Amino acid sequence: MFGGSSGPVDTTLYTTLNVKPDATQADIKKSYFKLAKEYHPDKNSDHGDKFKEISFAYEVLSNPDKRRLYDARGLEGVQGGGGGGGGGFPGGLFSHFFGQGGDDDDDDDDMGGHPFGGLFGGLNRGGPRRRKFQDTVHALNVTLEELYLGKTSKLKLSKKALCKVCEGSGGKKGGKYKCDGCRGRGIKTVVQQIGPGMLQQMQVACDACRGTGGKVPAGDKCKGCNGEKYENVSKILEVHVLPGMRHGDKITFKGDGDQPDPDGEPGDVVIVIQQKEHDIFKRDGDDLHMTRKISLNEALCGYNFLIKHLDGHPLVLRSKPGDVIKPESTRGVVGKGMPNKKYPELKGNLFVVFEVEFPKDHFLDEEKAYNVLRSCFPATKVVNAPPGATEVSVMEYDEKKYSRGRGGDAYNEDSDDEQQGGHHGQGVRCQQQ
């Protein structure tokens, strides 16, 4: 029982989730999923704030420690951390959901940090920032099935790490070496002539120390790294691809990149998701799209076919009685799309675009069969031709063939009927007047 014998001091979050203060975790989870489906922004953009309130309430009440703090201190406790009692959490959680301060950028694609990246963005870390070395970016190819189910991959990377022998000094352990060429600045000022009587002063990286500002004398160079300050090491990263992640999403491993010098912060390793093409499905957000060819018989009288979903489960798609499928029409299956990255229990939809294949000409042999077929359809309109009307033959139009006739070329083509002499004949000539 949460909140003690007297109950919680505040019940706002319980009301938001439509549960009682003594609700079990199963009750809270069940109510959350129901409300999340109803108020998800993908269904109605006007429900964005309501959805945030529901998500915030679930984040607090689904965690026993946070729920206990909320029951004892109310919203003030979960916003301010409860006076630093160890069981609380920063007020950034509240601002993360309700937009009070913090960064408005959507950093959810960067899944390497805390799942609520906005929690700690307001803390003042203070102090001068050291330069950060370049990030290492690596593409990870995954299938659509792996993005549906999730996947864990082990990735072996090579990186530059501070030499363990000299601890990154390049010479004696703990030693500090300054380049005489640039006085430890890493840059030099040079004067360059850019034209007659015109000089330009510019700063360039020091060639003596390669811009590092430090140069180890030959006699003091570390034998482990030969004065380079770093060594190449291998590291195996465990990459967790979460269900619902998308092409282009990034997974960041903070500080696991190169650090060739102790005067800079190590870079990050950034894994970029690259989705492979799928033979059947195409993804659009959380929705899946596929194309299915059916016969005219199936389009008019009903279809049923089997597909293998991304989790390997077979699905039978069957039309409703009387449902006529028109060419290029679309039908949908609710909840059979991709999982949502933030809320995997919520899934998009599956959409099927139908291509109707018509039978070949004269597919029925007897006129009687056509009459039987004709009787199945609504009666056609009978046209009574007025006196003097001309009945013409309608033939199939070949755009490639007849488009050449727009400039008169179709009438100038060679044909055996028009030219008795073949390719060398004179053809039909106009009679001279």
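Glycine is treated like the rest: Cβ placed from N, Cα and C.
Looking at 104-124, 167-187, the range tied to region 'Disordered' in TrEMBL is 104-124. The DSSP breakdown of the domain 'CR-type' (150-234) into helical (H, G, I), extended (E, B) and coil residues amounts to 3 helix, 34 strand, 48 coil.
Averaged across the zinc finger (150-234), pLDDT in this predicted model comes to 86.
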